[in-house]
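Remarks on the structure that follows.
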């Protein structure tokens with residue numbers, strides 16, 4: 001028998017100040033990743049490959065400890081996690097090139113196309129309906145990306161800003177694909193938080209390594225300074241930020257968490273200007289602002305009136321509503337509340353709360 005809708009909708013989480021601080025700290029750490037890539041001086045394949053390998057030095061022992069506590073993940077889930085890593089590796093390669101082409105700030109802003117790409121993938125694969133505001137936001141977001149990429153003029157930041165914006169957009173789409181697969185694995189293995197990320201990182205490392213070998217190769221004889229920046233990149237982007245954001249989102253409502261995570265692209269632009277002397281034009285800054293505001297509008301929680309309109313008399317468990325959320329009992333994005341019998345959060349909000357790029 002279908003439970004009443006009210007019993008399946010979770011009450012809003014109160015905002016824990018400590019969770020908010022952790023989330024902002026995680027977003028701030030993420031804002032440095034593009035800076036670290038640029039400072040390393042490594043090519044995209046080299047930076048992406050070593051980022052994964054160095055992160056596994058921390059993730060593998062952590063995953064083994066999780067294995068001893070909770071046992072192994074299902075073989076099928078492990079396979080999907082490894083496959084998601086292929087998309088994560090593509091994201092790393094494309095995003096790193098975008099940083100070098102367009103600058104750290106622009107690359108991190110356009111990456112947020114994932115917020116629309118994830119619900120679109122969920123619609124194409126699983127039939128999860130997209131909210132009307134997501135459809136309306138698509139051309140606005142595209143316009144912001146074009147402006148940020150310098151179609152009306154580019155400042156000092158990278159040698160090929162338009163190409164960088166395009167590659168950053170493709171990186172966001174690849175990352176959305178990773179998030180979709182990773183979300184499915186986490187839902188089915190709610191007690192395994194680190195293992196899926198470690199497996200995905202293995203898949204990403206193999207992908208980046210193969211691309212590097214097929215191209216100019218993976219550099220090993222790097223200067224000591226480059227190794228230092230790459231180690232910081234691996235620990236910051238794959239471990240520290242993931243822990244802080246995971247801690248923060250667990251204690252906050254999705255809408256509040258998504259809003260705070262927008263500090264990441266804003267800080268990325270500011271840090272690029274301060275540390276790397278990037279100088280985007282007024283049009284590029286306007287494009288960045290348009291992207292951030294559009295992402296904020298898409299990621300906000302659906303109004304109750306939208307929820308009521310989406311729930312028709314025949315709406316049953318396992319169906320989808322216009323916010324893009326699924327109603328499978330006991331299922332929630334990221335596995336944070338799995339088993340609690342609550343509604344899964346919308347895909348757009350899930351993309352703002354998942355393990356960072």
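Residue positions begin at 1 at the first shown residue.
Keep in mind that glycine also has a Cβ here, set from the backbone N, Cα and C atoms.
Curation does not apply to TrEMBL; its annotations are automatic.
Residues 50, 96, 99-100, 103-105, 107-108, 219, 222-223, 226, 229-230, 232-233, 236-237, 240-245, 247-249, 251-252, 257, 260-265, 267-268, 271-272, 275-276, 356-357 of the same chain lie 6 or more positions beyond the ends of the transmembrane segment (21-42) yet place their CB under 8 Å from a CB of it. Annotated transmembrane segment per TrEMBL: 21-42 (among others), in sequence order.
Under the heading domain 'EamA', TrEMBL lists 28-148 (among others). Secondary structure of the domain 'EamA' (28-148), assigned with DSSP and counted as helix (H, G, I), strand (E, B) and coil, comes to 107 helix, 0 strand, 14 coil.
The annotation transmembrane segment is assigned in TrEMBL to 48-65 (among others).
Feature annotation from TrEMBL assigns transmembrane segment to 77-100 (among others).
Residues or ranges marked as transmembrane segment in TrEMBL: 106-126 (among others).
Among the features that TrEMBL reports, transmembrane segment is placed at 135-156 (among others).
The transmembrane segment annotation in TrEMBL covers 162-181 (among others). Under 8 Å from some Cβ of the transmembrane segment (162-181) lie the Cβ atoms of residues 80-81, 83-85, 87-88, 90-92, 94-95, 97-103, 106-114, 117-118, 120-122, 125, 145-146, 148-151, 154, 200, 347, 350-351, 354, 357, all in the same chain and six or more residues away from its ends.
Taking DSSP states H, G and I as helix and E and B as strand, the domain 'EamA' (163-298) has 111 helix, 1 strand, 24 coil. The domain 'EamA' feature in TrEMBL is assigned to 163-298 (among others).
Listed by sequence, the residues of this chain that lie at least six past the ends of the transmembrane segment (193-221) yet keep a Cβ under 8 A from its Cβ atoms are 42-43, 45-46, 48-53, 55-56, 59-60, 62-63, 66-67, 73, 77-78, 81-86, 88-90, 92-93, 178, 182, 185-186, 238, 242, 246, 335, 355. Look at TrEMBL and you will find 193-221 (among others) tagged as transmembrane segment.
What TrEMBL records for 227-245 (among others) is transmembrane segment.
Counting residues 6+ beyond its ends, the transmembrane segment (257-276) has Cβ neighbours under 8 Å at 20, 23-24, 27-28, 30-32, 34-35, 38, 103-109, 111-112, 157, 245, 248-249, 285, 288, 291-292, 295-296, 299-300, 349, 352-353, 356 in the same chain. As annotated by TrEMBL, transmembrane segment applies to 257-276 (among others).
Residues or ranges marked as transmembrane segment by TrEMBL: 282-299 (among others).
Among the features that TrEMBL reports, compositional bias 'Basic and acidic residues' is placed at 304-318.
TrEMBL lists 304-357 with the feature region 'Disordered'.
Feature annotation from TrEMBL assigns compositional bias 'Low complexity' to 320-331.
Annotation comment: TrEMBL describes 348-357 as compositional bias 'Polar residues'.
Per-stretch counts of Cβ pairs under 8 Å to the transmembrane segment (48-65) identify 227-245 as the leading one among 77-100, 135-156, 227-245. Among residues of the same chain six or more beyond the transmembrane segment (77-100), those with a C-beta under 8 A of the stretch's C-beta atoms are 34, 37-38, 44-45, 47-48, 51-52, 106-107, 110-111, 158, 164-165, 167-168, 170-172, 174-175, 177-178, 181-182, 184-185, 188-189, 195-196, 199-208, 211, 357.
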